[in-house]
Amino acid sequence: MAASIRLLARRIVRDASRTINSSVSGRIVSSSCPSNLSACRCFSDGAADKSTHFGFETVSEGEKAERVYKVFESVAPKYDVMNDAMSLGVHRLWKDMLLHVMNPQPGICLLDVAGGTGDISFRFLDYVRSQQERVARRTARANQTPSWQEISTSYTTPTEGIEMETEARESRAVVCDINKEMLKVGKQKAESMGISSGLSWVVGDAEELPFDDDQFDVYTIAFGIRNVTHIDLALQEAVRVLKPGGRFMCLEFSKVTNPLLARLYDAYSFQMIPVLGEVIAGDWKSYQYLVESIRKFPDQETFKQMIEDAGLFSVRYHNLTGGVVALHSGFKL
């Protein structure tokens with residue numbers, strides 16, 4: 001309830017002319033929205049006059065939100081297959097690198113924004129589980145030849161305390177995405193993989209997250225922030241929901257640093273990816289937009305400055321595959 005009140009207050013202060021949706025307990029509640037856009041951001045006439053880009057097109061902000069929603073609604077069933085086809089499977093290595101840099105420990109709470117089909121959250125839970133198993137093996141080896149004092153302690157220590165500590169250190173991941181079709185695909189994947197505990201799915205807008213302040217240890221957004229209409233607002237929301245000491249991590253397509261690789265990458269992107277989209281997903285236009293949106297996204301240094309302007313500290317980035325993708329990271333103090 002407190003989160004809903006604060007969210008409403010921020011909306012009124014930010015732009016009284018907008019009418020916006022909110023997510024309550026996983027259910028979309030619409031405010032002055034057409035029924036077919038119940039999970040989209042909606043704007044008043046004043047906001048609709050403001051222009052932005054949709055790929056290489058110039059459109060109103062309201063139109064961009066609607067069209068981006070429809071893009072991902074359309075590609076959701078083939079989204080994971082297309083990721084493998086477009087990147088030749090390399091996207092898996094990029095996401096693994098994000099988890100390697102994050103190095104989450106048991107007890108961490110992750111917010112995976114624009115988490116769509118759950119790739120980052122699945123990796124997060126698997127990584128934490130492997131960390132727990134590694135600690136358990138190390139403990140077992142250390143206890144193979146216990147001293148008589150350790151044996152005595154093990155008999156006098158209540159097992160309930162150990163169980164409570166294990167439960168208290170359980171990690172959890174929250175997948176938050178504005179697109180219900182993407183979340184639907186993610187839930188189906190989780191069920192097929194047998195993942196149920198420590199994972200929840202929330203419909204929500206990256207620009208106005210339906211969470212209280214200071215809730216999460218790590219905020220991730222992978223290949224999603226370039227589709228946000230107001231990147232600065234999304235970054236401010238990331239700062240708000242992170243706990244003090246929490247970490248922001250963004251994996252996104254960026255600017256290729258090698259001129260030869262850049263030419264090859266452009267040729268492949270514009271000539272092959274839309275074709276793959278048509279053949280595999282039956283959707284040329286959506287993947288044409290995705291290619292164009294990459295070119296409109298700020299370069300590494302510009303985006304780094306945007307993250308710092310939002311209030312995050314110790315911001316740095318790593319180029320992956322020659323800058324095809326960049327991993328930005330910062331901390332809330």
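Here, residue 1 is simply the first one shown, and the rest follow in order.
The backbone N, Cα and C atoms fix where each Cβ goes, glycine too.
Caution: TrEMBL annotation is automatic and unverified by curators.
Record features, source TrEMBL:
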- THR117, ASP177, ASP205, ALA206: S-adenosyl-L-methionine binding site (BINDING)
Among THR117, ASP177, ASP205, ALA206, the record's S-adenosyl-L-methionine binders - longest CA distance, Å: 16
CB within-chain contacts under 8 A for ASP177 (S-adenosyl-L-methionine binding site), separation at least 6: VAL113, ALA114, GLY115, GLY116, LEU183, GLY186, VAL203, GLY204
Cβ-Cβ distance under 8 Å to THR117 (S-adenosyl-L-methionine binding site), same chain, at least six residues away: ALA76, TYR79, ASP80, MET182, VAL185, GLY186, LYS189
Cβ-Cβ neighbours of ALA206 (S-adenosyl-L-methionine binding site) (radius 10 Å): 23
Other CB atoms within 10 A, centred on ASP205 (S-adenosyl-L-methionine binding site): 25
